[in-house]
């Protein structure tokens with residue numbers, strides 16, 4: 001269980017360091033191409049969710065974050081010993097914490113990764129942790145034979 005706590009802390013630190021670097025090196029709204037036509041770094045302040053849904057509804061995000069962290073903490077404890085679930089939930093907790101810290105500390109989430117080849121919301125490292133965490137959990141569900149009984 002300790003390894004997952006270390007993983008979560010490391011991922012939250014990485015998320016916060018990336019966000020601090022973006023804010024200090026890229027002007028708000030500016031963009032820098034990393035791989036032409038593929039990936040740019042942008043400094044975007046997001047006080048909503050993807051596609052700006054629920055923009056400005058911070059109370060909602062605070063509430064959902066706290067509830068999600070409680071539920072995921074319980075599931076992490078309940079599903080201990082099933083490594084795919086443990087990794088997935090740990091990634092999701094780290095992602096939730098990374099964005100929750102932003103909302104509490106500065107009132108918005110810093111997003112930076114822009115996919116230039118598709119119309120997709122700009123996202124951050126914490127969002128990536130959430131997405132990869134969901135993938136681990138889906139793989140765990142597909143491989144878990146206890147659901148077949």
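Using the three backbone atoms N, Cα and C, a Cβ is placed for every residue, glycine included.
Sequence annotations record features per position, and here Swiss-Prot assigns transmembrane segment to 24-44, 57-77, 81-101, 122-142. Residues or ranges marked as active site in Swiss-Prot (evidence: sequence analysis): 111, 127.
Using a 10 Å Cβ-Cβ cutoff, residue 127 (active site) registers 21 neighbours. Within the same chain, residues 1, 4, 7-8, 11-12, 15-16, 61-62, 65, 68-69, 72-73, 75, 109, 124-137, 139-140, 143-144 sit at least 6 positions outside the transmembrane segment (81-101) and bring their C-beta atoms closer than 8 Å to a C-beta of that stretch. Counting same-chain residues at least six beyond the ends of the transmembrane segment (57-77), those with a Cβ under 8 angstroms from any Cβ of the stretch are 4, 47-49, 85-86, 89-90, 92-93, 96-97, 99-100, 103-104, 107. In sequence order, 42, 44, 45, 46, 121, 122, 123, 124, 127 make up the list of same-chain residues 6 or more apart from residue 111 (active site) whose Cβ falls under 8 Å from its Cβ.
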